[in-house]
Amino acid sequence: MIARLAGRIILLNGWRRALAAFLSGAFATLTQPPFDIFVAGFVSFPVLVWLIDGAIARTDAGPLRRLLLAAKVGWWFGFGYFVSGLWWIGTALLVDADQFAWALPLAVLGLPAFLALFYAFAAMIARLLWSDGLGRILAFAFGFALAEWLRTFIFTGFPWNLIGYAAMPVPLLMQSVAVIGLVGMSALAVFVFAAPALLTGGHFARTGIGLAIFLALAHVGFGAWTLSRAPAIVDENGPLAVRIVQPSIAQAMKWDNAERRAIFDKLVGLTEEAPAEGKPRPDVIVWPETAIPYILESTPQALAHIGDALQEGQVLLAGAVREEKGADGGEPRYYNSIYTIDDRGRIVSTADKVHLVPFGEYLPFESFLRGLGLQEVVEMPGGFTAGTTRHALAVKDGRSFLPLICYEAIFPDELGYEGAGASAIINVTNDAWYGDTPGPYQHFRQAQVRAVEQGLPLIRAANNGLSAIVDTYGRITGSLALDAVGVVDSYLPSPRDPFWGRPPGWIQTVLILLTLLAASVGLILYSRRRFH
């Protein structure tokens, strides 16, 4: 039955092959949040393998033509995957549809079309190393792992919905990322998902199926072993109590001058709210990204109001736009920042967002694109300016938090050595742009995995959710649902040392890629000697 199905898929040609690849990619989206149907990967990836088998089997095409046919299959798979997984980005443009609706096709179709090029590249690389049976599955895993790694930094990077997340729907299955990293998880996921393609036979097919089963069991077993040694989820004697404020301000209200006071009062009111019975008095209070609707340096009354709201010894970490006056009356610069404010209403420190969102917070190639009207996409005059370095924010009692603002949390190993000595990751964000769509759930999952990857607990304050405190095993110690209004009160979990310490992330990635490459090439050479 499987052989018959595979044969039919392999024989598809032209638009039928493209449609099958597109639908297979779209089906693979079910492996990502909020669906987390990881078994969908065992359908979509074998189909992709068979489609590439069909492209390679063309006897009427030369080597270059077959390579391009494989790339075309990969592109259609990627286009289906990214269209179905990222369509919600377009909802941000509908908040002010009169001004931004024109850009909807670029967001919903243009971005997926560009990102699909990475999967076209993955298919091309796999084709270069393709061999019968197990060899093509290894080549497949290598090609996709390499493409996913490139997606983390090419053109500033956009590693959203990396395939590795499909293998980590729950904390039990997140623990391996601390050992092999997110690129390693992507390679593992692709290899295991694609392994059913070996049920049709081929060189070392049984070995490949056995290896996939072993890797899957090792992945689960390592997670179970790690969690069995983990401390209690909530430490009732924790050294630091944290409150996250989630105001759920509608995006249309955020920059309405008439609503600024109401927004600010809502934040202050939630800050002053007494803890529920059994919950600790907070030492640190966190507001979401750009929560403060004022420029603090020029609004001393707002700082005074914050100081009055904080109890003795409390510290507020709040997202706000920071203005830096231009020299000699020049244009000011604006930063997306986190402020640390003490109980006297004094600004203790600030941290600026380093990794800005292209076309959302700044305009790449501005001089070239200004004539196209894209400058209007950026809210602040001239857009945001990127911070120069990421540094820890001193909080209290010698503890410090590493700031990740908004989508900085999607980048694996974004912290690097800077995480050394920090007590936690603080991630402030505003996902109200995207409403009740898959976007906020996908964003949260990626931040959740950062806690496991870096060995640091996560404090995540989101304007409309999902706000949560996550321990270093990926377990949620307190949270608020999407669009809820309220606070999360919980003790801060303890950090733990990352599995490999804190070497540069690329070292781990390169070792994994070289291992896969060596295995693929070695299997090709061995097969040629034995079977030819």
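Just so you know, glycine gets a Cβ as well, placed from its N, Cα and C.
Annotated transmembrane segment per Swiss-Prot: 37-57 (among others), in sequence order.
Here Swiss-Prot flags 75-95 (among others) as transmembrane segment, drawing on sequence analysis.
Annotation comment: Swiss-Prot describes 106-126 (among others) as transmembrane segment.
Look at Swiss-Prot and you will find 128-148 (among others) tagged as transmembrane segment, backed by sequence analysis.
Here Swiss-Prot flags 179-199 (among others) as transmembrane segment, drawing on sequence analysis.
The feature transmembrane segment is assigned by Swiss-Prot to 207-227 (among others), with sequence analysis given as support. Here the transmembrane segment (207-227) has Cβ contacts under 8 Å with residues 133-134, 137, 167, 171-176, 179, 188, 191-192, 195, 198-199, 473 of the same chain, all six or more residues outside its ends.
What Swiss-Prot lists as domain 'CN hydrolase' is 245-494, and the listing cites sequence analysis.
Per Swiss-Prot, active site, proton acceptor is recorded for Glu289. In the three-state DSSP scheme, Glu289 (active site, proton acceptor) falls into the coil class. Less than 8 angstroms from the CB of Glu289 (active site, proton acceptor) sit Gly319, Asn336, Ile405, Cys406, Val428, Thr429, Asn430, Ala461, Ala462, Asn463, each of them six or more residues away in the same chain.
Taken from Swiss-Prot, the feature active site covers Lys353. Lys353 (active site) falls outside any helix or strand according to DSSP and counts as coil. For Lys353 (active site), the same-chain residues that are 6 or more apart in sequence and have a Cβ closer than 8 Å to its Cβ are Tyr335, Asn336, Ser337, Glu361, Phe384, Ala386, Gly387, Ile405, Cys406, Glu408.
Neighbour count (other Cβ atoms within 10 Å of the Cβ, all protein chains): 25 for Cys406 (active site, nucleophile). Look at Cys406 (active site, nucleophile): DSSP puts it in a helix. For Cys406, the entry in Swiss-Prot reads active site, nucleophile, with the evidence type sequence analysis.
The feature transmembrane segment is assigned by Swiss-Prot to 505-525 (among others), with sequence analysis given as support.
Contact between the transmembrane segment (179-199) and the transmembrane segment (37-57) holds: at least three of their C-beta pairs are under 8 Å, each pair 6 or more apart in sequence. Simply put, out of 75-95, 106-126, 128-148, 128-148 has the most Cβ pairs sitting under 8 Å from the transmembrane segment (37-57). Cβ atoms under 8 Å from those of the transmembrane segment (75-95) belong to residues 17-19, 21-29, 32, 44, 48, 51, 101, 103-104, 107-109, 111-113, 115-120, 123, 160-161, 251-252, 433-435, 437-439, 442 of the same chain, restricted to positions at least 6 beyond its ends.
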